[in-house]
Structure formats: C-alpha cells, structure tokens
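Summarising the annotation, Swiss-Prot assigns region 'Disordered' to 135-159, 184-289. Feature annotation from Swiss-Prot assigns compositional bias 'Basic and acidic residues' to 184-232, 267-276. Among the features that Swiss-Prot reports, compositional bias 'Basic residues' is placed at 253-266. Feature annotation from Swiss-Prot assigns region 'G1' to 394-401; the stated evidence is similarity to another entry. Positions annotated as GTP binding site by Swiss-Prot, on the basis of sequence analysis: 394-401, 440-444, 494-497. The annotation region 'G3' is assigned in Swiss-Prot to 440-443.
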Amino acid sequence: MADTTVEKLATEVGKSVERLIEQFSQAGIKKGHTDNVSEAEKQQLLDYLKKQHGGDNAPTKMTLQRKTVSTLSVAGNGGQSKDVKVEVRKTRTFVKRDANDAVLKAEEEAKAKAEAEAKAKAEAEAKAKAEAEVKAKAEAEAKAKAEAEAKAKAKAAAEVKVIKELSPEAEAARVEAERLKAVQAEATKRKQDEEAAKAAEKARLLAEENSKRWAEEERQRLEAERYSDHHITTSKVARAAEDSSDMDEEKRGRRARNKNTAKSKRGGKDARDGREKHMRNRSTAPESMAHGFNKPVAAVNRDVRIGETVTVAELAHLMAVKATEIIKQMMKMGSMVTINQVLDQETAQLVAEEMGHKVVLIRENELEQQVLSERDEEGVVKLEPRAPVVTIMGHVDHGKTSLLDYIRRAKVAAGEAGGITQHIGAYHVETDNGMITFLDTPGHAAFTAMRARGAKATDIVVLVVAADDGVMPQTIEAIQHAKAGNVPLIVAVNKMDKPEADIDRVKSELAQHGVMSEDWGGDNMFAFVSAKTGAGVDDLLEGILLQAEVLELKAVRDGMAAGVVIESQLDKGRGPVATILVQEGTLRQGDIVLCGLEYGKIRAMKDENGRSITEAGPSIPVEILGLSGVPSAGDEATVVRDERKAREVALYRQGKFRDVKLARQQKSKLENMFANMTEGEVKELNIVLKADVQGSLEAITDSLMGLSTDEVKVNIIARGVGALTETDATLAAASNAIMVGFNVRADAQARKTIESESVDLRYYSVIYNLIDEVKAAMTGMLSPEFKQQIIGLAEVRDVFKSPKLGAIAGCMVTEGTIKRSAPIRVLRDNVVIFEGELESLRRFKDDVNEVRNGMECGIGVKNYNDVRVGDQIEVFETVEVARTL
C-alpha cells in the first residue's frame, strides 16, 4: 500500500489535522500537514494509542469456575441406602496472548511448518528412492526370470528333442517328477503367504492397542488436571465413586482375605499361605483410599493485617492457627482470654509477633474518610471575614454571666439555678462595630471538661477576675486552658464598683501565672469593668474586636457546613437536641449531618433565643433537631451528601467505640487482676444519674467518680440525658441504687415503681448540694473507727493476799473513775506490763461498781498476781469515732 499524507489520514479516521499531528508528536513522530505517513509510522501511532487507552492494562488471564452437585446413593448400615452429595468444582483458565506472544507464536508456527515441509520432502525423497530401488530390483528379477525362462525353454527344447529320441517309459517318469516338484513349490509358497498375513495382522492389532492405550492415558491425564481440586473424603462415598471394575476387584480381595482368615485359624501351611495372600491382597488395594495430606515441616510466616480491634478467633484465622494456640501463647504472656475475647491492636500485635508473624497495622475508617472527602466545596474557595468566638471564663461567682447579661441586655443570671451557670451558654451579640459570639462556661470546679471544650472552640478567651476576690483556683485553670489552646487572653477585672476592689493585687497575682498587663510590659489586654453599672463594657468590646482584627479571622461562607457540638440534651417533646457552633460553611435546614456517633437530617433549627431559622453561617450558635440520638459534647458536626453513607459511618463509629471500650476494659481487668485479688471488700454506692444536658452530666459524673476512696467507691450504673423513666427505677431497685435527677423529674410510671420498690429518689438543681449529699452518704458507709479513751488511774499503795482472789492491790484513785466492767492495764515505771480485766472492785468490804477520784479501793486483777507497790492501774474504754471523707 502506498504512503498517504497526514491530511488524507485525518479525513479517513475522522479527526482534525491538528489533533492527529498532536498525537503523532506525543508518539514521538514529527509531522506536518502535507507530510507522508508510512505504514511503520501508522503502526507506531496505533501502538502508542493502545497503550494510552489502557490496551496494555487489559487482563491477560481469565479464570472460570463451575460447581456441580450430584447425589450418590450408597449402601448404609442395616442394608439401607444413603444419599450422599458430591460436589465437583471445575476451574478453567483462559490466557490472552499479547502482540509479542502472537509474533513469537507465528515464528514458532513458521519454523514448525518449515521443519514439517523439510521432513515431508525428505520422506518423499526416501520414498522415491525406495520405489526406484524396488523398481530396479523388479526389473532385474524380471530380466533374470526372462533369461531363466529362455534357458528353460532352450533346455526343454533340447530335452524334447532328447525325449523324442527316448523311449515311452522314460518319458512317463520324467512327467511324474515334474508334477511332484510343482506341487511341492506351491505348498511352500502358500505357507509363506499365510505366515506373512499373520504377521501383518498381529502388527495391526498391536498398533491399534497402543493407540487406544495412549489415547486413554491422555484422557485420564486431562481429567486429572481438570478435577485436581476435587477429593472424596468419606470411604463409602469413595467406594461409590469408583468404577465397577475397581469395586469388583476390591470385593474379590475381601472374599480372598476372609478365606485366608478362615484358613489361618487351622495353622500350619494354610496359615502361612493365608498370610502371604493377605499381603498380596493388601498390596493391590485401591490407591484412591490413601490419605493425601502431608504435614508441613517448615514454619510459615505470614503478613497479618490487624485492625483496631480483633477477637481471638479472628486473629487465629488470620494467622492460620487454632485459637487454642493463641490462648496458650497469651497464657504464657500472663493473660487469660477466651475465644471470643476482643483484643486491642497493641495486644494483638504483641501476640502475632511473638508467634513469628509480620504484623501490618491497618486503619478501618476508609469509608469515613471517603464520606468526609466527598463534601469538599466545588469551585474556588472564597474566604470571607467572620465574627470572633469569645469564651467567658473565670472562677465561680466572679460575675461572668452577669457581665454577658449586661452585654446582651437580658436577665439570664437570675434564671440560673443558685445563680451560677451549669452548662455552656452560646449567644451572639450585634454591636456597633460588628457581631461577637460569646460562650459562657461554668466556673465551678466540677466543670473542667466543659471549660476545656469552650477553650478549644474559641478564638479569644476573656478571663473574668473579681477585683475584690483576686485569683482563685478556677482562674488559674482557665489560664492553663487558654495557654494549652494557644488562644489570646483578655483579662476583664469585674466588680470595680465595690470599695474593696484592689487592681494592683489582681495584676500581681495574675503576673505570677504568666499573665502580664500591657502597662507592666506584657502582651495581655486588661479591661476594668462593672457588670452592675456597665462601666468599661464598651472598652472591653472594643478590645475584643481589635484583637479579632489582628487575628484576621476568615472562613468559607458558601458550601457545606462544619462545626462543633457545644451542648446536647434530650427534650421530651422534641427528641435529641444539639447546640452546634458553626465554624465554616452555611448550615441549612434539611442538611444531612454526621455528628460523632449520631447522624440525621435537620428537621428544625433555632437560635439561642428560641426563634426558628432556616440557615446559620460561620460563628453562629444554633440548636438543631432531627439527630438519631444525643451526641457527645465536643463532637465534630459535619454536613455530608449521602444519608445512607452517613448512617454506615455512624454505625461503624458506634461499633468501633464499643469494641475499643471493651478492649480497654478487658486490658484494665487483665492488668489489675492480681491487684484486685489482694484488695479487701470495697463498699459501693450505686447511683442512677439523669441530667438535663450532656455537659452537666459529664461534670457531675467526673465529680462523683472523684469522690471514690479505697473503702467506698461511687459506681454510676446508669446515666443519661432526659427524664427519669420506669427502666431507670427498675434498674435502681434491682441494684440497690439511689436515683439522682439534676434539673429533671421522674415520669408517672417511674414514680409508681419508685413508690412500690421504695427507691431513694433525690432531685437537685445546684451541683454543690448534690456533691455534698453524696459525700454524706459515702461517709455513712465508711467502716467505724474505734479509739481507746482512759477513764481512770489508780496507784497501788499496798498489796494484800486473799485465799480466794490471790493478790489484792490497795489503791488510791488519782484520776477519773475506776469502773468494774472496764478493761485495765498495769503499768510499772510507766511501762505496760499487763493488760486484762478487773476481777473484783471493793471499797472497804463492799463490792462496788465504780470508785471516784480521791477514794481508796481494793482491786483484784484477773489471772495476775504480780502486783507490786508503786504500780499504776489504768482503766480505759473503747469508743467509736465517726469518720469523714
């Protein structure tokens, strides 16, 4: 085929000339519009395009599997037939040859063809040569035969001539001799022909037999390759699967063995013959009954892929060993486990490496990462300025909520129980210079986790310090949270309207903890305010906005929202309610939210004042309804696209949380197993705790768990958000627990159960009272403490002998009162030499119960006669002392 131009080739393939020239260039060929294209260049371009479009990546091998199930009817016990299923699995592999293989195959075929032609040519030449030799030999034989016939004729003519001259008797004898000679030659020739025919027939039969045998062997080999993975393991099924000839042979062998056994009982030669035949029969047993497995002699080291949690059974499957081997190994390592025990990743890694395997640690949150990666915003990300998130922190009763209340111009502090904040309040305030979002955190010591969460989600921390009170423990803790979160700190010195205000004291105390005023050369801004009169509040807001400008706070406004859960609760009428601080994007009603272990579609949104809204931008706190459950405070809230995938991720997180929790608990149990054995009996105070919001529940739980001692342990057997239910009451009755409700009440069914079971139910609205009463209950459970108190002291002045009581000490009571029923100690030179009890106490001759200070008496000490003058007798009693925590 003649070369064609680039333009003509572009017209043929239906592409533009520029695109074709570009593809030639990518393939390494430089061409112009009018250049010619050879066949080799076309092939080069075609190979390049195939490689680019995945031609080389196509699979070269395909394996097909087919499974057939058949039923065999075999004879069972008692002559009954039994159906056995036989499963046959067939595997066939097709291999696709690539271009190089095709070329090599073509070359091999050409070479084989040339060899076959050469061989055929050589065979033809040999055949022609053989035919020529046969023809020459035949001609020579014909010539010799003709000469012989000519000689015979000449001889016959001569003989005839002679015969004519002979007598008639001689002629008859000659004819008879010739006849006999011809008969003998004919018989010899017939015998040779018969022998040749027999030899040819024998060779033909042998060739046919060999051909059949070779074909049968080839067929058996192919069948063996096709069914190499199929084994019949049951002996009855194996016999049923054998062909009839093998079964007949086995039956004949069995009958022969039975006969030999009968003969062997007679002993002698029959026994020896029987044993020999038995051995021969055993040697001819079918090989299909032999076991085909040999135990591996070398250890196999595998790459074991371990997730975050794994059970003992799953780990055994990964390492291809029995679960008992892992249990033995862990017993050697000092741990008692069961086959369904959940192991954490670290423990499983130690076990696998101890058994000689290589461990590959994997993370199982691929679906989670995929769902979160799919929410990336489309197009160009546009950052816009956002409002600062300010957290108000400080010690309890230093005026945090009052200051924020003045800023919001609403009475919030009066509505808080006890006048203190017990959960995070999120508000946003519009000022003349812009919007500010405030997070009001509790100041009580119990709310450490809530304050830490507030510092994590914030941009600026405002530390409120009372001018008359100074730096307190929670003030120091707030400073530590701000430093840990690397958050700018602004100090608001409150209660400046009080006459006891001391600014210099506050500055010096804060300086001891690394908070230096700008006046003293530090970096922290100080604002002196009064939440009561409002003095200095404008300066504080101006300082907050100035600090926000320095930080250059920006966020994506358009796109899918993400934020953090500030607070969560279970509302009886609305269900799970979560307060979310939006950090980026816009949260809209109807979005699908993945929130920690929970998920759901937003059914309603409300701002901090309870008004319904449809969307919320960055730095806006909002309440959402529609989650599947109450999320934990501090969880990240993310909007995703697919609700089904969100549910899968939430379920995966729940399962992982449960497995990790169980593994951690089990690890703790194993580590503390021997320590627990040595501990004595520990009393437990069981509590069923319900609170109004998640943050308060966390704070109360941490505070109560911190009250536990070596003798009394606080055990919170159930906790949750929402009202006290009948289930809670039943659980409390069964576990002998007290029910505690913090800003929640029991429903009607729960109250009936509480009355019928006489459960101790207590309501609280201030955390101080709750902790104090639980502490009092724990104090009542403490084991009593006993103390010995001296009630009297007598000095021995003389010793008398009594036939009944032995030595009687004549004493003078110098201190307190001597009582007959009390135990005593005998002191000599202020050293205790005997401890016992009084046997008799007399004044003059009368028995008395007690003798007071300054009186004389006679004292008989039981089982002690070594009383001397100058000894002291000390009388004491054991009193119970109430213990406190």
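The first residue you see is number 1, and the count goes up from there.
Positions of Cβ are set from backbone N, Cα and C atoms, glycine also.
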What DSSP reports for the region 'Disordered' (135-159) is 25 helix, 0 strand, 0 coil
When secondary structure is assigned with DSSP, how many helix, strand and coil residues does the region 'G1' (394-401) contain? 2 helix, 1 strand, 5 coil
Secondary structure of the compositional bias 'Basic and acidic residues' (184-232) by DSSP, residue by residue, totals 43 helix, 0 strand, 6 coil
Cβ atoms other than its own within 10 Å of the Cβ of K400 (GTP binding site), all chains, total 31
Which number gives the other C-beta atoms within 10 angstroms of the C-beta of D397 (GTP binding site), all protein chains shown included? 16
Going by DSSP, give the three-state secondary structure for M496 (GTP binding site). coil
Just name the winner among G394, M496 (the binding-site residues) by count of other CB atoms within 10 A of its CB. G394
